[in-house]
Every structure is written in structure tokens, then in C-alpha cells.
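A.B. asks: Just lifted these from Swiss-Prot, have a look:
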type	residues	note
ACT_SITE	Lys125	active site, N6-AMP-lysine intermediate
BINDING	Asp36, Ala37, Asp38, Tyr39, Asp40, Ser85, Leu86, Glu123, Arg146, Glu182, Lys318, Lys342	NAD(+) binding site
BINDING	Cys436, Cys439, Cys454, Cys460	Zn(2+) binding site
DOMAIN	617-695	domain 'BRCT'
Amino acid sequence: MSAFEQAAREQAARLRAEIAQHNIRYYVYDEPSITDADYDALMRELMALEAQHPELVTPDSPTQRVGAAPLAEFGSVRHAVPMLSLGNGFEDEDVLAFDKRVSDTLREAGLLGPAEQAHYFCELKLDGLAISLRYENGELVQAATRGDGQEGEDVTANIRTIRAIPLQLRAGAPAVLEVRGEVLMNRADFEKLNQKQAARGEKIFVNPRNAAAGSLRQLDPRVTAQRPLRFFAYSWGEVQGLSRDDAPAFDEASPGLVSTLPRDTHGGMLDWLAGLGLPVNVRFNHKAQGAEGLLAFYRRIGAERGSLPYDIDGLVYKVDALAAQRVLGYVARAPRWALAHKFPAEEATTELLDIEVQVGRTGAITPVARLKPVFVGGVTVTNATLHNEDEIRRKDVRIGDRVIVRRAGDVIPEVVGPVLEKRSGELPQFVMPTHCPICGSAIERLVDEAIARCTGGLFCPAQRKQTLLHAAGRKALDIEGLGEKLVEQLVDNGSLKTLADVFRLNAFELAALDRMGKKSADNLVAAIDQARRPSLGRLLFALGIRHVGETTARDVARHFGNIDAIMDADEAALLAVPDVGPVVAGSIHRFFQEAHNREVIRELEKQGVHPQAEAQLQSGDLAGKTFVLTGTMPTWSRDEATRHILAAGGKVSGSVSKKTAYVVAGEEAGSKLVKARELGVTILDEDGLKALLSQ
């Protein structure tokens, strides 16, 4: 090698190291060490040097982050160690209960003294996207989204464009290392991105998380390369190939945990990851003892939340000692040694411009607040539910008021109440209309009911549209392609008046509609044909009878066997169906007493719709047992799980009670899981459910 070539090699190495250091200062510590112009000059110098000497280009060079060619689609990646969810806490009492459970368990195991407090590692709950990075021999070889926790999407090409993520780890990296962390976008970067998007006439993102998600799921990595994404590591998955002294020994009872690692605490492991060159949020990571220590940190960060450079939606508390984590173990695919402590809903004030009413599938009249646009909880809110007339009276909300609007996460925004000191003069109270704003039919409110209803039935276009959408839904007739926009067109042009009209649709008529071509029309007609032989329970559910859910519809169908028997049944006969009470029996009886509803059944038969009898319940150990499903399961959808439970003779309910036999909890399980624990109900994960069903 000539002296000139050696000098070029050394210069390239120096530039790569300097740029990497500037990336760490900017993307990890949020403390730029040089100007953008100076940074760009370094990049140009390195690019020119590598252009002159292609043999100097390395996989981890910052010049290799510009983005590869566009992808046709994202592949799937099976996580070597599942990416688990966390239990949630919202109140101080939840944190106190968490600390008590942890402390009691550790004392029983002899890992905590009688007067000793548990030690925790606290982290910010970043509002971004969870990602798993896989390094082999120190080189980034794969990156995947969390997905369902078991399997995610392959976003390697996009992840390689993020400057905060090292393409090559420092010396000492194990043979295999899975790193878990969060991809996010700073608020300031988000604002700049939206300004650029607006200037180009392109999509404006709602919030930083939305922008980060959209950027990471670009099929063209060159677009991702232009987005200011950041990354912080907060955990690990598979680890292999450490030195003999540090070789990990995986505990099968605690997936994802190891009995030996380079460090024996969670905080120590993050220090180890940082030492390998991975970005760790050292600025805000914190150690605390006992519940009071956790709550003190929560209050501190809550006060500083608005001044943080990025969005967070809470804190995460983890038992620090890895040995203690193994003892505590898991429940329903979530660790017992960790808790996500969420911040309360965000609130803002704005003007209530109007109160309008919407008409639902069963004729329910729901008041909706039309608001002067206000940014709250990460989105711009213009509408909020007011639930019913009594709720409006209770809150004393009036058109023209300044009102408090609350939103938390993806929850529907709600009007909390008026700011009375801002009320000017005597504003009139809201009065529920006496006639439906859509069809003009009378609105009635039955005694002891909070909801007012339009009496128009299928004569009302609003109810007709919602009823038809319900009937086409996945849990009813499952007519793929018959969506909201299409139903709206077909109702408005007079093609759809009853459910039977769906089965009169033809490809020629459909192809002439807006946004419908021949292929879409043919596919829809095929889906309609497939729906001509539904189970009797699905057909009964599709009719949209008030108070009749899918489980009740199935029970009634199984009891009577055919549609004529159901139509002819009086209330006494309906009450003989298990779990059917007077309200449901009365609702079904009244529905089929209406001549036009019976006529719809006859028209369906003329169109070749012939419901099939429901399979009879098995008489095994699960016969009659009630299951409740909560959260997202790794491989089964709720419909699949429900189908398997019903096939085994079990029942599926939407609420937990003393009669519940099992709660099947997946990821992001909520209040149902909490209630199950309180009542001592047996809790299963998906694997446990499958094992139970196979017995």
C-alpha cells in the first residue's frame, strides 16, 4: 500500500469516527456539537474520498445511510425472543399495588429484607414505535417492528438510514445481540418536517408518532433517509456468543431473561449497550426505591413533560435486579416485574360552536359537539361526543360556551364541562329535536332509558346505511368490499332499501359506480354469493335486532334450529333459551312481529339466502364455561379464538364476573385483566388457551 493510499484510509476512518461522534451528540444527547453546514461539509468530504477510493467504503460508513432502492412490500420477521407488552397503571394506587406485589414476592423468595424497599429502574415511556435490531458479530443485519410481539415487519432498509443507530457495534459485541428500543421524532424536527411537507403540497402529519410511523413504513428507504428519526435502546432479546464467564443461560420459564449476562441489573445492561455504541436515554433514566420513590419521579417528570424535546405518554418502572426479575416472572405475556405508569388525559379549552345529533344503526340519537379546532392529546379535535341529553344537562354545556376537551391516547375526545366564568350572558340550553334530522320521523325516549331514538326504522336512510354496514360486517355476513362509501352510494341512489337488496346487486350495476371498476365489481358479487349460506346465528346477528349480540344470536339459533321457528316464537319460548332474559326476548319478539321484517326474511329466501343450522355444543369439560377475551393474542384473532372456544362448547362474554371461568389475556390487556385478578378468575395466555382446548 502506498503512502498516499494509507493517508486516504486514515483520513476516511477519521471522518467516519468524527461524523459518528457528531451523530451521537445530536441524536442521543440533543446537543449539536457543530453547525449543519459544517456537518454537511464533513459528509461531502467523506463521500468524495470514498468516490475516489471505492475500496474504502465500509458497511457502517455514514454515506451508506442514504437509502436503498424501493421495496415491493415488507417481509415478516419472527422474533427470536418475543417482544412483550407491559401492564398499565393510571393512579397512584396502581403503583402502590405494583410495589406491594413485587416486594411481597421478593421477600418470600428471600431477595428482600423485611424493612428493605425494592429497587427500580425508571425510564421515560417514549411515544414512538418499538423496534428490534439484530446484530451479528457486531454488524446490523436485521430490524423489525414489534408487530404482534411474536412476528413483525422487516424494516431493515429503513432502519439503516437512521443516523442514531450504529451499523457496526464497538469492539466487545457478542456474536448475536437483539436490541429493543423506540424510534421517534423530536417535536422541533416534526414541525420542520410538516413545514416542508406543506411547502411541497404533501401530507401533513398529525403528531410526531404518526410522522415516525409513516416514515418507518415507507417502501422507499430514500424517503425514510430524509426524515429526522431518532432511536433509544431500552432492552434486549436474544444474546449469544459472549465470553465463557458471561455466557447467557436462558431460563425457559422466563422467556427473554437470562441468568447470566455482562451485568446483573437492568441499568447495568443499558450501560453495557451504551458501551457498544447504542444510544441510551441516560439523561432521564433514573433509579428509585419503593413506591414513594417511583411516585416522586413521576411527579418530577410530569412537571417537566412539556419542556421535553419529544412526546412521552408515561413512565416505565422495572425491577432493577435481573435475578429478581426471573423470580417475579410473567403473567399473560407481560412481565410481573414492570409497570407502565401512564400520564392522565390531556385537556384543552375551546369554543363549542354547535351541538348536532347523529343517528345510529338502532335509531339512537347521539348529540355531538362541534368544536373550534383545538390541539389536544396529539391530534386536532373538531368533534367530541356528548353521549345523551341527560349528560348535556348534567354538565350544563351550552352552545357558545368555552368548554374543556379531554383526550387520552386513541380514546374518543369528550367534553368535560364548560368554563363557567367565561360564559357570556344567558346562553340557551340544548333541546333534543322532536323529529329525526335525516328522515323526519318522530324521536321518542322510553321511560328509564337515557337514549332517545328515531322511530323511522329502515325508512330512515341513516339507520338503513348503518344497518346494512352492520349486516355486511365480519361478524355477520362478512361481505368483503361492501364498505361505508359504497353503501352510501347505493342507499342514496335507491339501489339498497333492505338487506335483501344486497343480494340483487349485479356486476354491471356496481361497475358503473364511482371508484368501482369491473374487477372490484366482480369481487364484490363473488363475496355476496359466498354470503348466501351463512350460519343461522350470523344471519340473525346481521338483522341488527336491538340487544342481540353475536353470542345471543348464536344461542337462539342453536336453540330453535331454523329461522321460521324463531320468527314464530313468543316471548315465553324465547325465554327458554339459556341466558336470554325478558329484555332480549321482548326485542326479538317485537322485531318479528313487524310485517316488513318478516317480509325481508322471505325476500332473502327468494334471493337464495339459506342459513345453515348452528353446530350443537359439545359436552366436554368446557361445555357451558364462560370465557372473556382481552388484549391482542400473538397468532389468533379474537374471532378465531371465539370460534375455537364455541366449538369446544364454551361461551364467550364481553365482561368479567364471578361466573367467568377463564380470562384469556393478550398484549395490551386492560381493565378486564385487572378485574379477573381481583375476582381470582383463572388467567390464560394464548398458549394456555390452546392447551386447554386440546385436552
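In case you wondered, yes, glycine gets a Cβ from its N, Cα and C as well.
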A.B. asks: Under 8 Å between C-beta atoms and at least six apart in sequence, can you list the same-chain neighbours of Cys454 (Zn(2+) binding site), or say none if there are none?
C.D. replies: Val359, Gly363, Ile365, Cys436, Ile438, Cys439, Ser441, Ala442, Ile443, Cys460, Ala462, Gln463
A.B. asks: Please report the three-state DSSP label of Asp38 (NAD(+) binding site).
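C.D. replies: Asp38 (NAD(+) binding site) sits in a helix per DSSP.
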A.B. asks: Of all the binding-site residues given, Cys436, Cys439, which residue's CB has the most CB neighbours within 10 A?
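C.D. replies: That would be Cys436, with the most Cβ atoms nearby.
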A.B. asks: Counting each residue once, how many in the domain 'BRCT' (617-695) are helix, strand and coil under DSSP?
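C.D. replies: Residue counts for the domain 'BRCT' (617-695) by secondary structure: 28 helix, 17 strand, 34 coil.
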A.B. asks: Would you list, in sequence order, the residues of this chain other than Cys436, Cys439, Cys454, Cys460 that have their CB within 8 A of the centroid of the site's CB atoms, where the site is the one recorded for Zn(2+)?
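C.D. replies: Near the Zn(2+) site, the remaining chain residues are Val359, Gly363, His435, Pro437, Ile438, Gly440, Ser441, Ile443, Thr455, Gly456, Phe459, Pro461, Ala462, Gln463.
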A.B. asks: If I take the alpha carbons of Leu86 (NAD(+) binding site) and Lys125 (active site, N6-AMP-lysine intermediate), what is the distance between them in whole Å?
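C.D. replies: Taking the Cα atoms only, Leu86 (NAD(+) binding site) lies 11 Å from Lys125 (active site, N6-AMP-lysine intermediate).
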A.B. asks: Quick check: in three-state DSSP terms, what is Cys439 (Zn(2+) binding site)?
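C.D. replies: Note: Cys439 (Zn(2+) binding site) is coil by DSSP, not helix or strand.
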A.B. asks: Tell me, what is the mean pLDDT of the domain 'BRCT' (617-695)?
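C.D. replies: A mean pLDDT of 83 is what the predicted model shows over the domain 'BRCT' (617-695).
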A.B. asks: Under a criterion of Cβ-Cβ distance under 8 Å and sequence separation of at least 6, what residues of the same chain contact Lys318 (NAD(+) binding site)?
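C.D. replies: Listed in sequence order, they are Tyr120, Phe121, Cys122, Glu123, His266, Gln325, Pro335, Trp337, Ala338.
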A.B. asks: What's the CA to CA span in angstrom from Asp38 (NAD(+) binding site) over to Lys125 (active site, N6-AMP-lysine intermediate)?
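C.D. replies: That comes out at 33 Å between the alpha carbons.
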